[in-house]
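Under the heading GTP 1 binding site, Swiss-Prot lists 9-16, 56-60, 119-122. As annotated by Swiss-Prot, GTP 2 binding site applies to 182-189, 229-233, 294-297, with the evidence given as sequence analysis. Annotation comment: Swiss-Prot describes 3-167 as domain 'EngA-type G 1'. Under the heading domain 'EngA-type G 2', Swiss-Prot lists 176-352. The feature domain 'KH-like' is assigned by Swiss-Prot to 353-437, with sequence analysis given as support.
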Ligand SMILES: Nc1nc2c(ncn2[C@@H]2O[C@H](COP(=O)(O)OP(=O)(O)OP(=O)(O)O)[C@@H](O)[C@H]2O)c(=O)[nH]1
Ligand SMILES: Nc1nc2c(ncn2[C@@H]2O[C@H](COP(=O)(O)OP(=O)(O)OP(=O)(O)O)[C@@H](O)[C@H]2O)c(=O)[nH]1
């Protein structure tokens, strides 16, 4: 499981600029494709071989200039509880404000590691000014300029040198670990209860260190699986219950610790921005995915078109990742809840698919011959053969060709779609790599 880093600070100190700087120029690992829209809230970063998740608290409020101090304080509190390291951003051009002092006071009270970042230090003259931040009582300020990038490499070095070693405590790798995630009130607890009620077969309940995930083993309906839960949840108070930021930061840990995510959406609301946020975290973590439309019992006058309309709406919003099972169920009436587990197991098995090289080439080469990569600036790209990589977490395929760099995202998508048409890869992301040969 990865470390989680949260960026906090008052509006306008440059949180989103720093987030973009850290995630874009230093290779956000999953977003490397050109043309993918990046959301500012969550990303995975790789620095010197270490992968971590980074969250920008500011991303959760639309017009953050107007947000109340109370809201900022709440977010800082959640970050303190849930993140591993906090980057506290201040603005060296503007200097210390009352709100900075309030946030610092909150941060000083806790034991969590806080890195004080003095942003907008675009030149040496400004570096000297950052001395005023010592008064915040959080140690040395780190001078960075999110805009021109200076200091950010050192900041990342320091950040990763402070990571705690995370031991993945999932006991057996051959059993699927399933996380049930979704926005507040969609029915996550109800589904877990429906699946596990009167359950007498709980074999183990392995709790890791405080912030790690808990894996509970179930042996039910002929299926063995772990349900992933996050430690430290129960002490949450009412105030935080409806905060999207809170539900997201909680979801991140469960998602990272699982193989398969069951994303619950509410039938009475269909698919909304908050659902899409969680969906994209699942995608970025390359997990198996099943979308469950819960509370299906509340939809009146269902006819064959109803499901079709729902499915369409979901696939439109989640494009281009549309090869995902969608199940309509009710945690309350228990309709189709076992189907969810069956499909989860199917997706888990699909992730282990091994396609023989001969089969890949027999099917894909004629397709490629018929629709070759487009000629780009006079360069003709020839794909010679394709093979699957072994020992990968998700199915990963290498296409050998003369000019790998000239194969762009649309053609890779075309190849992926062809693979999905010819092999059942539903519910799992796949990797397509181009290599020179
Ligand atoms: N000079 C300078 N300006 C910066 C730097 N980083 C950010 N800014 C500017 O500061 C302003 C605020 O930046 P944002 O990244 O939107 O700040 P934020 O903290 O995310 O703000 P909220 O969305 O309101 O929470 C923008 O005009 C940025 O261009 C920097 O390193 N140097
Ligand atoms: N009609 C109907 N109501 C449901 C169903 N599933 C859950 N509910 C109701 O929806 C409400 C929220 O359910 P929870 O299981 O607490 O939702 P949750 O996602 O765990 O909520 P948070 O803990 O806030 O994240 C409760 O009142 C449930 O009784 C369903 O399938 N049908």
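Quick reminder: no glycine exception, Cβ is built from N, Cα and C everywhere.
The domain 'EngA-type G 1' (3-167) scores a mean pLDDT of 81 in the predicted structure. Scoring each of the binding-site residues (12, 57) by how many neighbouring Cβ atoms lie within 10 Å, the top position goes to 57. Rounded to a whole number, the C-alpha distance linking residue 9 (GTP 1 binding site) with residue 182 (GTP 2 binding site) is 27 angstrom. Closest by Cα distance to residue 185 (GTP 2 binding site), from the binding-site residues 12, 15, 57, 121, is 57. In sequence order, 188, 251, 263, 264, 265, 266, 275, 278, 294 are the residues near residue 182 (GTP 2 binding site), counting only same-chain partners six or more apart with C-beta under 8 A. Put simply, of the binding-site residues 12, 15, 57, 121, the one whose Cα is nearest the Cα of residue 296 (GTP 2 binding site) is 57.
Around residue 121 (GTP 1 binding site), the same-chain residues at least 6 positions away in sequence with a Cβ under 8 Å from its Cβ are 92, 127, 129, 130, 143, 144, 145, 150, 151. With a CB cut-off of under 6 A applied against ligand 2, the binding-site residues 15, 185, 188 are reduced to 185, 188.
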